[in-house]
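The next block holds one structure in the form of C-alpha cells; read it before the comments.
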C-alpha cells in the first residue's frame, strides 16, 4: 500500500513516532499498570499501537484514565484522596503537560495575543455542523444553542483537569470577571457577555470571551470557539454578516501558530464544506488541520464506506487526519441526558456499529479519544512553537522599547522639574545641531550626511565655472574684431587694448553672480530642512515647542541668508577689479603659452583657434595674445571662486546659522512662564506612550514566564 493510501492511523503513527523528545518524556509512564476505570478495555489502548511501535505522539496508555474517563472519581470529590498509583501518575502528568498549557494561557491572559500569535486550537464549522455539541462534550457544560448565529464572539475555552477538586468556573470579558459555581450558569453568562460585546442583535464582535473550567471530568485543553459559518443574513443581521464571520475566522486560522479543528457532519458532502475549504485556503498542505466528523447516526444507509474513507484520510487528505464522534442529539438534550451517559451511549454506538467499530479500536472515534488527541496535539504544538515564540517576544519587546524611547519621557508635573526636562531636551537638540555643523551626525543606511548633500552643489559650481571659461574662449574673436573696427586707437598692430580685456572679464564675471546666488538658495534649503528634521526629532510631540523652534529656525535663516548673499555680492564686486599676484599670474600665463604653442611656435589645435581666425594678420596676432591672457586669468579666477563662494555659504549658513540657533534655544529657557505651554503634548503621543508601556509590560511578563518555564524544564 502506498504512503498516500495508507489508512490514517498508520500514517499518523509513522509521522509522530520520530518525535524523540515526546517519547523520552513519556518513557517514565509507559511501564506502569493501567488504573482501574470505567472505560472499556479496548479503548485503554488500541491493538495496533502495542509493543515497540506505540505512538509516541499520544500521552501513553497510562494517561487514558485522565482524559477518557468522564465519570467522577469515587467518593466525595471535594475531599482530598490518598496518594495512590492513580494520583501519583496524575502528579507526574501534571508536571509534564499542565505547565505547557498554563504557560500559553498565562500569556493569553496577559494580552500578549494583541502583539503576536500564540499556539492555539481554533474550532470552525458551518452552522448546524455539531460544533457546539463537540465543545459541550469536551467541556461538560451547556453552551449557547439555537438557530442562526449562536457564537457571536470568539470564546476561549480553558479546560483544566483537577481530580481532587469540585467543579469551578470563571468567565472574563472586557473589565468583567465572574466566578461560576454551577455548570448551569455558563450558558446564561455567555449570552450576557455576547450581548455586552456584540450588542443585543445578531451582530458579531472580534473581542474575546474567556471561559475557564476546572473539574475532574474535563481534559487539559484550551480551545478557541469561533462563530459558525453562515451564508444568508436573517432578521436584523447585517447584510454582510457572512463576510464578517469569514473575516473573523480567517483572522485566527491563518496564523501558523493555530491548529484548525474543522467540524463536518457525516451527512454532507465533505468536498462542498465551507469550513474545510477555508482551512485548505490557509493551510493547503493540511499540516495544521484536523477534521472532526459528527452526526454518524444521521447519515444515510449505504454511505458508511465513504465516511470510512474520509476518516482513513483517503478522500480529502489531511496530514493530521480525521476523527469521528457522536454527541448528544437535540432529543437527548431535551430529555436531559447527562454528558456522562452520552459518553457511554457514544462508546456503545461505535462498539456495536458494523462499520465504525474498527475506528474505535484504532483510536479514531469517540469524544474521550478526541480529548486525548487534542491535548497531545496542543502540547506538541506548544513545544514546537516555544523557540519561535521566545524570539518574537524578544523582538517585539526591543521594538516597543525603541518606539517608547522615541516618544520620550513623561512630562513632569512640577514647574521646577519642567525646567530640567526642557533643559535636557534643548541640550540634546543643540548637540545634534553641532554634529550637523561639524559633519559628524549619525546617519542610517540609506541616508546621506548634510555636508555630502551640499558638496554636490559645490561640485556643480565648479562645472559652471568651467563652462563660463569655455564661453570666453569661444567669443574672443568676436570681441577682437569689434575692437579692431571700433575702438583701436594709436596702438600699433598686435598690441592688445587693456580696456578690451577688462570689458570681457567684467562681462563674464557678472554672469556668475546668478548661479552663485542660486547655489546659496539650494544650500540654504538643504540646511534648513536638516535643522527642521532635528527639531521634529526632539520636539515633534510638543506642538507649541516645535512651532516655536521652527519659527526660530526660519528667522535665523532669513538673517544669515541675507548676510551670505551680501558677502557673495561683495565678492563679485571685488572680482570686477582685475587683479592677480604677479608671481602667480606669470606662472599661469607661462603654462598657458606652453599649451597654446608647440615647439615650432605655430598655433596649436588645443585652443581650437584656427576656425575663428580673421583673415588679416593683425587680427590673428591680437586674437592669440588676448586669448592667452583671458585663458590664464579665468583659470586663476575660477580657482579662487570655486573655493571662495562655498566658503561663504558654509560659514554663514552652517557655522553662523548653527551657532545662532543654539544660542536662541538657550534664550527659550529664560521664559519660565511659558514652560507649561511649550511642553503641551499632543494627545496621540500620550496615548501612544501609554499603549507602548502596556505592551512592554505584557512582553516583559511574557519573557519572565518563558524564563520560569524554561528553568523548570531544565531542572
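First residue shown is number 1, and so on along the chain.
Just so you know, glycine gets a Cβ as well, placed from its N, Cα and C.
Model, not experiment: these values are computed from the prediction.
Listed ranges 314-317, 318-321, 322-325, 326-329; the one Swiss-Prot annotates as region 'G5 motif' is 326-329.
Checking Swiss-Prot for region 'G3 motif' across the ranges 217-220, 221-224, 225-228 points to 225-228. Just so you know, the Cβ of residue 296 (GTP binding site) picks up 23 other Cβ atoms within 10 Å once every protein chain is counted. Ranked by Cβ neighbours within 10 A across all protein chains shown, the binding-site residues 128, 131, 226 are led by 131. Within the model, the region 'G1 motif' (125-132) shows a mean pLDDT value of 84, rounded to a whole number. According to DSSP, residue 131 (GTP binding site) sits within a helical segment. Annotation for residue 229 (GTP binding site): same-chain Cβ neighbours under 8 Å, separated by at least 6 residues, are 124, 125, 126, 127, 242, 245, 246, 249, 274, 275, 278.
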